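Take a look at the structure set out below.
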Amino acid sequence: MTTLTRPHLMTARSRQSELLSMITLALWRLRHSAFMLFMTGLGTVCAVMIICALPVLQVVTTTAALRDLLRATPSNSELMVQVSSRTLASARYAQQSQQLGQPFTQQMTPYLTSAPPQATLQVLNLPVISPLPISHVATFTLMGVNVPEASSHLKVLQGRLPQENTSGPLEIALSQETAHELTKEPLHIGSLFSTNLSSRLDSSSDPTKYTPRALQFRLVGIFQTIENDPYWHGDTLDPTAEGDPPKNIHYPLLLSLPALLKQADRLATHEVPGSQIILEKPFSLYWYRHFDIARISVLQFSDLEQRLHLLQAIYANKFGSNANNQALDISNIFLGGAAISYYNQPGILERLQNRLSVSNIPIFLISGAIAALVLYFVAIMTSLLVGHQANTITMLRSRGASGRQVFLTLATQCLILALLALLLGPLLALALVAFFVPRLLPTSTLDALNVLWPNPLPVLALTPAYALGAIFISLIIMFFALQQALHSNILDQRRQAARASQTPLWQRFYLDVILLVVSLVAYILVLYTSSFPGLLDIGTYLLVISPLRILVPIFLVIALMLLFLRLFPLLLKLVAHLAQRGNSAAPMLAFAQMTRSPQRALQMILLLSLACAFAFMSLIFATTQDTHLTDVTNYQTMSDFSAQISDLGEEPLRDTYARYRSLPGVTSLSIGYVNDGTLTGETPGRLFAIDSQTFAQTTLWQSSNSSKSLSVLMHELAEKSAKANFKDGIPAIVDASTLNNLNLHVGSTFSINGASLGDQTLHLVIIDSVDHIQSLNNSTDAAFNLSNPLPSGVLIDYETMNRYQVQDGGQITTPNMIWMRSQDSSTALKALRNALSDPMLSLVNIEDRRTMIDSLHQDPQTLELLGLILIGTVTAFVLALFGNFVAAWQSARSRLTHFAVLRALGTDACQVAQVLFWEQCTIYGTALVLGIFFAAVLALLVVPNLVFTTTPVSGENTYLGGPSFTRSSILCQHTSSIPPRSG
């Protein structure tokens with residue numbers, strides 16, 4: 001047995017001694033390469049931190065966008081259930097509330113506030129028995145609410161708010177305007193009101209017989225609603241008029257919902273115990289539930305959408321049956337909310353998801369570019385670490401160390417660095433984003449940082465794949481470099497030190513040439529495909545062609561850069577030959593050294609040139625994005641303020657001008673008429689009947705819209721309109737879309753139907769054309785006109801249109817649109833904005849150009865892209881400078897013997913320093929020139945496709961965030977803007 005176990009013991013001892021020798025060797029190498037290990041480890045940790053910060057930053061900014069959307073309007077954060085019922089009883093109301101609220105408890109509890117739903121009961125058109133109203137067609141509207149909850153949303157002017165009472169009349173409160181307008185005699189606290197409920201009992205033998213039951217009220221308070229309080233959903237609780245004159249006046253009476261139900265119970269049980277009152281006409285019940293916005297993050301986005309779809313499905317299945325609804329005595333069940341999608345109308349969450357799918361394309365590509373740059377830095381640092389120890393590896397191998405010992409010794413060092421980066425990188429990424437986001441996002445969205453703290457685990461769970469990817473690439477490069485070093489000897493090392501003979505892998509396989517050819521072919525195909533939009537649908541275009549329009553130029557630039565680096569050694573030889581004819585030894589020695597061993601210089605030039613290109617492109621993009629967002633807003637609003645006029649009546653136009661011109665801060669204004677109609681051949685068109693005398697000085701007409709200035713066009717329109725005899729038609733200026741759709745030209749005639757009052761047909765004659773009419777979102781660029789065709793545009797003179805209608809026996813069209821220019825001072829703007837909110841001005845859908853620009857600049861998605869570019873710029877420069885410093889230090893340290901020989905031959909220390917200075921100047925100068933050149937190429941080819949052409953989603957179907965506004969951003973040309981020089 002001894003003979004059998006002795007080899008086993010010897011093997012164990014040899015393994016143990018080998019392990020001890022590896023540990024001893026590792027510690028010995030640690031002392032000699034501690035600085036290089038520290039620098040490599042620091043660089044790797046920073047690289048992993050940057051890569052992990054990219055998904056973390058996206059989570060925070062997208063969460064900010066989601067919460068900003070939910071806070072955009074009060075209705076965005078609400079889910080509402082509305083039903084009609086006729087049974088007015090506490091037990092039935094409790095049953096209805098429980099059954100209708102159960103799906104919310106099952107599906108939406110994690111996303112809703114813990115507060116009970118806001119409940120409102122409305123009983124309409126109750127006759128006014130007393131007091132005697134001013135209007136003989138007046139009715140009461142009972143508004144039952146939870147008074148303790150509503151008290152903070154009312155300002156009590158007299159008395160108090162209603163309370164529950166066990167006997168006597170119901171307590172009510174009136175708004176100040178209702179109390180003033182209801183009767184001729186002034187109302188006071190304690191005044192009595194009475195009405196009748198046309199109703200029957202559920203125990204009645206005749207279900208068609210309804211009898212009036214008296215209901216009395218006592219006034220206990222007069223209040224005023226808080227202006228723009230979302231609690232009342234736009235209802236001021238003031239009297240409202242309805243119908244044609246004489247109009248029916250509705251007077252709201254505010255009372256306690258539980259008190260109203262208990263009073264109905266008392267009326268029913270007083271006649272028949274245990275019975276319930278059923279009204280002849282149904283009343284409405286509303287329940288409002290609110291999202292707990294601070295708890296919702298983008299990590300729950302998919303789950304939230306899924307739960308909303310399930311909620312709709314449950315309501316459709318459970319309350320789509322008449323049997324269930326009859327048991328609860330409910331009808332007209334409506335589940336509403338801005339987050340709910342209906343048929344062809346997507347909800348705000350779905351619209352945000354669609355926007356993210358498009359706006360995330362440039363974000364992902366920029367993130368990918370940053371990650372690739374960081375990984376290239378990691379590869380350089382790893383190769384520097386192995387290269388630093390290449391001589392030691394060769395020496396150990398020549399002195400008897402096994403390849404396994406050397407490999408495991410050095411691999412252990414790299415594995416420790418990788419493990420350290422894997423542990424610290426994600427944690428430092430959280431700290432970096434937490435530090436960076438408050439300086440990026442507006443204050444109103446900073447609560448998005450709570451997705452990081454106090455529970456960072458869900459966000460940290462996104463980072464391992466990124467960290468492991470960076471570490472994996474680092475280890476692959478390290479193992480590959482170690483294998484190369486292990487297979488070399490002292491002679492190879494000396495030969496490579498004297499004159500490098502190994503060429504990079506990409507040069508040996510001509511990857512630069514292949515990449516250049518593929519990129520050129522792909523770019524040509526992308527341009528060709530974009531010019532024929534019929535080949536692809538809109539979704540394919542946005543998700544395939546748009547990314548390719550960004551990626552292909554980037555790869556083209558990389559291919560050109562690699563091709564230049566292939567030719568760079570030849571350029572170095574030429575420069576070295578010229579330097580030999582000079583009088584200075586330093587440049588000659590520097591270029592001679594770089595010519596003999598150019599690989600490290602090529603790596604540094606590539607890293608620095610990519611950093612410079614990224615930095616310059618970032619500056620150009622930031623300026624372009626800012627300019628583009630302003631152009632998009634100017635294109636849409638056409639002026640500082642634009643609004644629709646709801647009702648002018650028969651007011652003369654000059655009086656209308658005088659009324660709006662008197663507003664504070666208005667410098668000029670123009671009034672007109674805008675409406676959609678149908679052109680000849682069933683082509684959709686939009687008519688702009690404008691005042692040619694004031695339109696030019698009021699609107700912000702962009703030069704890209706037409707070759708002529710707007711003032712010249714308006715002078716031409718006014719002159720020919722004044723001379724028009726209407727035989728050929730009304731003089732009109734049309735856009736290029738109209739000419740193309742109808743195959744028209746200047747001098748052609750056509751007609752438009754349905755655009756003027758009374759659906760009168762207008763016959764028009766073309767006197768000139770423009771490329772685009774602002775605020776009209778159509779395009780002659782087929783690449784962006786892939787979906788439904790948008791309206792063609794027609795400009796005519798407003799007064800001329802009315803003269804034509806009168807002459808043709810038609811009706812004068814009243815203006816419905818106004819544009820205003822205003823002063824820029826904050827005081828004047830504040831006064832004008834306050835004045836425009838006056839309902840007496842009859843202005844709706846008011847668009848404020850400056851406010852829209854501010855909202856676009858504060859959009860989290862836009863800020864995320866700008867933040868990524870800022871991170872990429874800083875990262876590129878810091879890592880490039882860091883890598884070049886380490887490479888220069890290693891190069892100088894490996895050439896100490898060479899420098900000693902130079903000193904022995906009579907070269908002073910200053911000349912040795914000049915050699916290194918010339919080398920570094922060559923590297924930095926070449927990288928700077930390449931960076932500027934390729935940044936210009938990227939600015940021309942990539943930046944126009946990076947600029948956002950989608951706008952923030954809002955809760956209302958207004959221009960901002962609607963599809964028309966999105967298309968208007970496409971019409972504004974994406975031209976790269978070079979930042980002006982400061983000073």
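Including glycine, each Cβ sits where the backbone N, Cα and C put it.
Copied over from TrEMBL:
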- 365-489: domain 'ABC3 transporter permease C-terminal' (DOMAIN)
- 35-57: transmembrane segment (TRANSMEM)
- 361-386: transmembrane segment (TRANSMEM)
- 407-437: transmembrane segment (TRANSMEM)
- 457-482: transmembrane segment (TRANSMEM)
- 509-530: transmembrane segment (TRANSMEM)
- 550-572: transmembrane segment (TRANSMEM)
- 601-622: transmembrane segment (TRANSMEM)
- 865-887: transmembrane segment (TRANSMEM)
- 923-943: transmembrane segment (TRANSMEM)
Per the 3+ Cβ pairs under 8 Å rule, pairs at least 6 apart in sequence, do the transmembrane segment (457-482) and the transmembrane segment (550-572) touch? no
Based on Cβ pairs under 8 Å, which of the stretches 361-386, 407-437, 509-530, 601-622, 865-887 lies most in contact with the transmembrane segment (35-57)? 407-437
Long-range environment of the transmembrane segment (923-943) - Cβ separation under 8 angstroms, sequence gap at least 6: 550, 553-554, 556-557, 560-561, 564, 568, 601, 604-605, 607-617, 620-621, 624, 884, 974, 976, 978
Same-chain residues near the transmembrane segment (509-530), Cβ under 8 Å, at least 6 residues beyond its ends: 536, 541, 545, 548-549, 552-553, 555-556, 558-560, 562-563, 565-566, 783
Is it possible to list how many residues within the domain 'ABC3 transporter permease C-terminal' (365-489) are helical, extended or coil according to DSSP? 106 helix, 0 strand, 19 coil
In this predicted model, the domain 'ABC3 transporter permease C-terminal' (365-489) has a mean pLDDT of 83
